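Structure record follows, encoded as structure tokens.
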Amino acid sequence: MNQEVMNLFNPQVPAQNFDSIRISIASPEKILSWSYGEIKKPETINYRTFKPERDGLFCARIFGPIKDYECLCGKYKRMKYKGIICEKCGVEVTLSRVRRERMGHIELAAPVAHIWFLKSLPSRISTLLDMTLKDVERVLYFENYIVTEPGLTALKEHQLLSEEEYMLAVDEYGEDQFTAMIGAEAIYEMLASMNLEKIAGDLRSELADTTSDLKQKKLMKRLKIVENFMESGNRPEWMIMKVVPVIPPDLRPLVPLDGGRFATSDLNDLYRRVINRNNRLKRLIELRAPGIIIRNEKRMLQESVDALFDNGRRGRVITGANKRPLKSLSDMLKGKQGRFRQNLLGKRVDYSGRSVIVTGPELKLHQCGLPKKMALELFKPFIYARLDAKGYSSTVKQAKKLVEKEKPEVWDILDEVIREHPVLLNRAPTLHRLGIQAFEPTLVEGKAIQLHPLVCTAFNADFDGDQMAVHVPLSLEAQLEARVLMMSTNNILHPANGAPIIVPSQDMVLGLYYLSILNQNEPGEGMAFSDLGELHHALESKVVTLHTKIRGRFKSVDEDGKPYSKIYETTPGRLLIGELLPKNGKVPFDICNQEMTKKNISKMIDTVYRHCGQKDTVIFCDRIMQLGFAHACRAGISFGKDDMVIPATKAKIVADTENLVKEYEQQYNDGLITQGEKYNKVVDAWGKATEKVAEEMMARIKAVEFDENTGRQKPMNSIYMMSHSGARGSPNQMRQLGGMRGLMAKPSGEIIETPIISNFKEGLTVNEYFNSTHGARKGLADTALKTANSGYLTRRLVDVAQDCIVTHVDCGTETGLTMTAIVDAGQVVASLGARILGRTALDDIDHPVTGERIVDAGKMILEPDVIEIEKAGIQSIRIRSALTCEIQTGVCSVCYGRDLARGTPVNMGEAVGVIAAQSIGEPGTQLTMRTFHLGGTATVVDQSFLEASYEGTVQIKNRNVLRNSEGSLVAMGRNMTVQILDERGVERSSQRVAYGSKLHVDEGDKVKRGQRLAEWDPYTRPMMTEVAGTVQFEDLVDGLSVLEATDESTGITKRQVIDWRSTPRGSDLKPAIVIKDASGNVAKLSRGGDARFLLSVDAILSVEPGTKVSQGDVLARSPLESAKTKDITGGLPRVAELFEARRPKDHAIIAEIDGTIRLGRDYKNKRRVIIEPAEDGVEPVEYLIPKGKPFHLQDGDYIEKGDYILDGNPAPHDILAIKGVEALASYLVNEIQEVYRLQGVVINDKHIEVIVRQMLQKVEITDAGDSTYIVGDNVDRIELEDVNDHLIEQGKKPAHGDPVLLGITKASLQTPSFISAASFQETTKVLTEAAIAGKTDGLQGLKENVIVGRLIPAGTGGTMTQIRRIATSRDELILEERRKGTGAAVATPMLQDMAEKAPAAE
């Protein structure tokens, strides 16, 4: 009752509706306008009376009463005196809530600089004054005077003077001839007297004249700050404070603890310091104290204000009583525990509970089991309301009692309340949106939440003690969204790749697999059954078994929906699965008339979903789960020790390999191969042996055996069934159980040469066990570290992509990406069909032979189209992509294509950026958590040959070959590609051939699929001569540039080039091998250069001086890096490196133009390479390459734009600059996909494209035109387009720019929204920049809206935003018409606008 009366007198303040938030610097006048009074005393509260001191930090006169409607002295109490100010204590009679919003101020006796503008790098104050930060600090902290007005003296403006110099100057010139000041007053004067317009003009003219890069950068930085001040209306002198605002007392509370002590916020301490020093300074000034004392006090005041705003930014950190640094205002905002991330983005919610989960196989997919106790607590308000409505109770208090006593009627009402009221279940860590799903609760006894087994994959949950949280959606809208969008039955497909995620796993798979096995010679083989009833009868009476080969009639419907039946050769088990299939012509019995491995089950569910829709799929999944569990239970598959079969041939394979290894040792001892080569070969040999043993073991386990007596097939090996069905375990783990464990990796990632020959069944020897512990421990350490890394990657991805939302239907762009199949080492790893499915065709797709249309331009490519396209043998297709979408904010539906989680075109308002970030980030954590599953077992992947992946005719591009002395064809070209053309002359595959490879085919040869095209040594890279002659060495000085390394164990010497630049004597050498012709002159190459081959560090010489060589002979070999194990451990940092667009350590150098290589004069330790352009009018380009890097080009080689001059990982920026956006996109997509593919994770390309789009938002101005930009400015792409449109309208010259690639962290910090950037990283820096520029945040992204507490502009919230936008534009239109006076504007109904969906692309 009381509350209701209160509400009558205090109408709730209506929620403010705003569209944007602006941040700027507060002027002293502004701070005073906020304030309710000045704080003069450092006292907080009176410790005897517990009343706040007057004019102190908690003063009730300034900030408001402590108790509602009661003044401090108690003269006025109650509501009737509302608004009266007590004449005795001066306190206004009002709500105590005002103590949360009323501010005070401290009037400073001397101005102080705001530390953010001083110390947040780059320092704004020093840049604006064009001084160094050190100098500004010297003035501010009273070390030096600064000349502000030199007058007619010889002093310069802004010259620093020490105390002595100042005194001398005063003596020399007299005190009134010049002005020199010290402290913040000096800086204040200088800032106040700045003429910004004049400075900007000067800077612009200076910029036009200057040529040096460094100077330009400096001038641009200063000009940017000057312009920011001019545009934002901020004054430079506001960066120096004369008044300090004091935040409301209830935001820095002082709480009494028991025992008469108090807990206080650190801010009170910091404020106290400021007030104390300020009061002391006032007193000193009044007393006319000596200058030095006043200066010292001013310095201390400056330091205390610094500590209040940002403790520890400058000088020592101010600590409290317990040596803990005090939390300043900046620390309140920063970091994970700061205001942004802790309270605004990470709110805790009411109406929630958590408990352990257990499996609930009898639940339907849309249900979950909720413990009664929990439900009673969660739904309390609903129960109270219902009790009241039904007349069981008349007050809330009564209802409370009924519920506490758990009366029977309460349970009935709980049932009613819960009915069709979905709840949300969430399992931490929530890595993607499937980590929170809605279910309908069913009440269960006990205290554990029951979870449906099929959703475990999505939650990544298991029942070994996992806990889950339950949340109750309260409002009708929330319940509706939970039901329509978040229900588990609506999340059948995985948003990352569009494959079903509601797929049976483990026991269920095993049961279904067991059901679908077909065995020979079972009872009743060959029987025929007319319908399923008969079959059930036969199974019950054991006439047939589940695995008998029978002929059975299966009834279904054809494509028109007419019933028909057909007889299949099948087994009773498979017919039982078929019985559950929905009746649909597109879902034939054939999809389950096979062994049901996990893959096949997934395909089956996918087919059912695509053709029968969601409802049928859900019912089908539930039934198939029941069937799987039932038969897994019946089959009783278990495994024992003898199921692990050790192949008989293992001993022989091991012995053979040991002999081979001995042979390699011998070769090494004889000096034929190097230590590195031996290592590589040994590791390779053991790798092959392990594979062989594994193959033998698999063959043994797979083998089908028959019982001699009955002739029936023996049951299959249990372990094989588990692994083959996909229920649990991998061939790799089986190999470790029954084959041999194989090679292990050291913690550093190198492989230990001695493998583990035993397996787990035989048991490991002590040495083997010790070797294996490295891998095991590394796995565990990695797991711990990588989880954090992966989480951080996800956070950065979400941050960069959060404002990418589908805002329009079609942007009508004419650009897109070209998609081809990805072929790796002759294997198609991603087919063209898989990559274009669910994307929009950019051009019409026609059959290359018949010319008939397969897909129209602008239409989505669906499953049937993919089949047609692959049949037609089309090699590449141009599709629309989010990367090339021309919408200004967000992307359009057509460019994005299919919504993978729904299988339909993407809806308006879908937050595709966040989905992309989650899809990429989620497997990162999964994989890192899985590292140790490999147990550090090494897998050696080294490619040493090229196979034909198709049948056809060979064509060699850039052919440059020689026949060597053995008569083999050797590739001498740097960029030769072997292409295979089909009979129509269409290119089917194209693969690069490494320099020095042996070719087995030549131009025009016919090849079969799988035929070897070329091979090479995977461990070394040869250097070969293309002319015959005699060898001569140049600059190969013993001990300086070449070392005769004698191998201790063998006594054989080999010559290896060493780093000749490490000694001063060798710095000018150019080690090379020269070929002389018969007359003793240097032989000439076919391209006109000399036959001089420059050597790189570590090259091993294969010839001696004076040796006669013929064409194609090897002169030297450069060893390649030894094999490291491939693990996502290398993968996660690689993904981060690509997304952060970092330059790799030894990055490739890419040719910027087509042309001929010329080697220029070398520098001390760099080699000059010049490309002479092929076409006229292009400048030659020069590169500097570190000597000693393997450099394979010769003088006169022809090189194409985009070819590598120096091998390595290319820097993404170079690809963008040289080859353009499309090449960059395909590089990043392929590289990132490769990491995930290694782990068998499927992610759709479009997710990576969305992130890359966000990385390409900025443009660097190359030609400013008539705009106000400066060359070299980084501008938002959208902003530039807008500015150019205006310029073109006015008939001026537009500005031009090149796209810039930013890493995801940088891109996040450069978003237009300062709120989003500040909540991500570097909070102070972001806010400082934004304040100076007077930035306005338009609240476009998701994050900013969450922070200010509005609905996000995506999904259902997006619709509201849209309606508001349309309404605003309507209002403007009507006002415009009224102004024109043409009467009311004819307004079409709002709905029509909605139907047209957001205005078309601008």
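Using N, Cα and C of the backbone, Cβ positions are placed for all residues, glycine too.
When the candidates Cys804, Cys885 are compared with the Zn(2+) 2 site entry in Swiss-Prot, which names Cys811, Cys892, Cys895, the shared residue is Cys885.
The binding-site residues Cys71, Cys73, Cys811, Cys892, Cys895 differ in how many other CB atoms lie within 10 Å of their CB, and the one with the most is Cys895. Within 8 Å of the centroid defined by the CB atoms of Cys71, Cys73, Cys86, Cys89, the record's Zn(2+) 1 site, lie the Cβ atoms of Leu72, Gly74, Lys75, Tyr76, Glu87, Lys88, Gly90, Val91, excluding the listed residues themselves. Sequence-ordered, the extra residues of this chain that approach the Mg(2+) site, with Cβ no more than 8 Å from the Cβ center of Asp462, Asp464, Asp466, are Ile357, Ala461, Phe463, Gly465.
Of all the binding-site residues in the record (Cys86, Cys89, Cys885, Cys895), the one with the smallest CA separation from Asp464 (Mg(2+) binding site) is Cys895. Cβ neighbour density within 10 Å is lowest for Asp464 among the binding-site residues Asp462, Asp464, Asp466. Recorded residues Cys73 (Zn(2+) 1 binding site) and Cys895 (Zn(2+) 2 binding site) have their alpha carbons 70 Å apart, per Cα-Cα distance. A gap of 65 Å separates the Cα atoms of Cys89 (Zn(2+) 1 binding site) and Asp462 (Mg(2+) binding site). Rounded to a whole number, the distance between the Cα atoms of Cys86 (Zn(2+) 1 binding site) and Cys892 (Zn(2+) 2 binding site) is 62 Å. The least crowded of the binding-site residues Cys89, Cys885, judged by other CB atoms within 10 A of its own CB, is Cys89. Taken residue by residue with DSSP, Cys86 (Zn(2+) 1 binding site) is part of neither helix nor strand, so it is coil. Look at Cys892 (Zn(2+) 2 binding site): DSSP puts it in a strand. Annotation note: Asp466 (Mg(2+) binding site) sits in a coil segment as assigned by DSSP. Closest by Cα distance to Cys86 (Zn(2+) 1 binding site), from the binding-site residues Asp462, Asp466, Cys811, Cys885, Cys895, is Asp466.
For the pair Cys811 (Zn(2+) 2 binding site) and Asp462 (Mg(2+) binding site), the Cα-Cα distance reads 45 Å.
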